[in-house]
């Protein structure tokens, strides 16, 4: 959520910056709402002052033995007018808030201007794609050869975009998640957390999934139904972890907070019909190890570089070729002000595919959550800055390992760093 003060005082500049990401800010509506809000605010305060004055006059008149009925009638009339003005002001403020909640974050000035993924900027590459003297197979075929991936069984149980993993492939999937968690907690200083997989609406508003992206979620009840027990499955552990500081005021010396969690993630993929229908790339349910940092505003851009480096380290230790991409304004997520994507090399597709997205949200989520800290010198409260990234998507990492480590006979070599998690096993198949 953007700062209401800049929406009031710098509306033109905000509209120009949001236009870089392809968002058209409804300037006329915002201006009209703000003008009407000011009028109603003054009217409400004036009526309140008049009613208070008349109420005091009743006491004085009563002490003098005067007839107070006319004053009482006047106070009652002022009260009715005040109630009407307050109700209109509250309704307008709710409309202003609803509109504000639908406005995306302002891109950082360092973000390249562009329309879509074709305008993203490649920052660096690590590792060289392997050369194979045999016909490359994709992870689906390799999963069939090793009897480790069963999509037909998942269709029977649930439907498309699900999978049943078996045997050593299931074990490899588990090993990847354990390896990632150990790396981030033991070497990168993150606190491991276990969080609910169901969250309430307030939590989803806090990180920006609601109100705009409700159709991307799996809900326990129809979204239109208002209910206290209305939950949604988490689309990412970013949602519950970041909301751990919702409504809190931290001490500055508690910062930064660095947390990680391994969870399943659930997404409806509402806008992805026909895309990546084969294999594990785009699933309704997938596992991810999430990285979240809650930091001082002065540190957030440095924290983004560090967090992205933590995700990169996973790929480097697995010896998987990848590239780092700075997303353009038109390809960034709703809540982000700057995002790096890490894209891993998939031999069967002969291209790089996203395996991690690391973002600085600035104070956008913190304002929605009212998450603040108290300065150690001036004791004033400020909004925190929040960051998150995949460290990594476990299913896509499994795909990358299977395809990059495949052998001519269909076996899959286990990366050295994963062998301790696999009982010393060197090959699958």
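Cβ atoms are placed via backbone N, Cα and C, with glycine included.
Annotated L-serine binding in Swiss-Prot involves 236, 237, 238, 290 plus, out of the candidates 141, 160, 357, 390, the residue 390.
Residues 236, 237, 238, 290, 390 are listed as the L-serine binders, and the farthest two of them sit 9 Å apart at their Cα atoms.
Among 267, 268, 269, 354, 355, 356, 357, the residues given in the record as binding ATP, the maximal Cα to Cα distance rounds to 19 Å. What surrounds the L-serine site, by Cβ distance within 8 Å of the Cβ centroid and not counting 236, 237, 238, 290, 390, is the set 239, 241, 261, 263, 265, 288, 289, 291, 292, 388, 389 from the same chain. Of all the binding-site residues in the record (236, 237, 238, 290, 390), the one with the smallest CA separation from residue 354 (ATP binding site) is 390.
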